[in-house]
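Per TrEMBL, the features are as follows:
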{"type": "TRANSMEM", "residues": "12-34", "note": "transmembrane segment"}
{"type": "DOMAIN", "residues": "16-75", "note": "domain 'V-ATPase proteolipid subunit C-like'"}
{"type": "TRANSMEM", "residues": "55-75", "note": "transmembrane segment"}
{"type": "TRANSMEM", "residues": "95-120", "note": "transmembrane segment"}
{"type": "DOMAIN", "residues": "156-182", "note": "domain 'V-ATPase proteolipid subunit C-like'"}
{"type": "TRANSMEM", "residues": "157-182", "note": "transmembrane segment"}
Amino acid sequence: MSTFSGDETAPFFGFLGAAAALVFSCMGAAYGTAKSGVGVASMGVMRPELVMKSIVPVVMAGVLGIYGLIIAVIISTGINPKAKSYYLFDGYAHLSSGLACGLAGLSAGMAIGIVGDAGVRLLRRKMKLVSIPILRRNKIPTFALHHDISQCPAAQAFVGMILILIFAEALALYGLIVGIILSSRAGQSRAD
């Protein structure tokens with residue numbers, strides 16, 4: 001007669017944590033890419049020469065999925081009940097690890113998408129202010145550009161957008177760090 005200790009269901013929670021890390025991080029990456037990609041597409045229509053400068057939010061959003069992949073691989077390699085006992089504590093540690101990384105990636109992706117879209121659109125508007133038309137006698141306008149780049153409104157907008165994107169990306173990095181710490185706690189519940 002075998003007794004049910006609950007530890008038989010522990011791998012379920014571990015695998016759920018691996019799935020949560022990957023799914024939520026990829027949802028954040030997808031949202032950030034789609035939302036900021038709308039701004040990049042808008043920039044491509046109006047100012048095609050600025051598209052490469054505007055692609056920074058898309059790249060930063062794509063990194064979020066990698067964070068979830070890292071935690072999912074760490075968790076899944078730690079689940080092997082045949083080689084070593086896997087208890088409920090271990091399953092819960094892996095579940096919390098996956099949720100910490102995944103939900104931090106989701107929130108960072110939302111922040112990156114919103115800031116990226118608004119920042120790229122602001123950059124497009126500010127670039128219109130950079131070129132000041134000067135009319136000459138032949139009525140063909142030429143454009144005077146800012147000579148001091150620090151005074152250029154477009155450069156100031158771009159630097160501000162990049163700083164906000166870096167801090168939004170840091171949110172996902174915090175989730176990755178906490179996820180690694182939590183997953184390292186698995187296997188420490190009982191002395192074997």
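Placement of Cβ uses the backbone N, Cα and C atoms for every residue, glycine included.
Each of 55-75, 95-120, 157-182 was scored by its Cβ pairs under 8 Å to the transmembrane segment (12-34), and the highest score goes to 95-120.
With DSSP states grouped into helix (H, G, I), strand (E, B) and coil, the domain 'V-ATPase proteolipid subunit C-like' (156-182) comes out at 27 helix, 0 strand, 0 coil. In terms of DSSP secondary structure, the domain 'V-ATPase proteolipid subunit C-like' (16-75) contains 58 helix, 0 strand, 2 coil.
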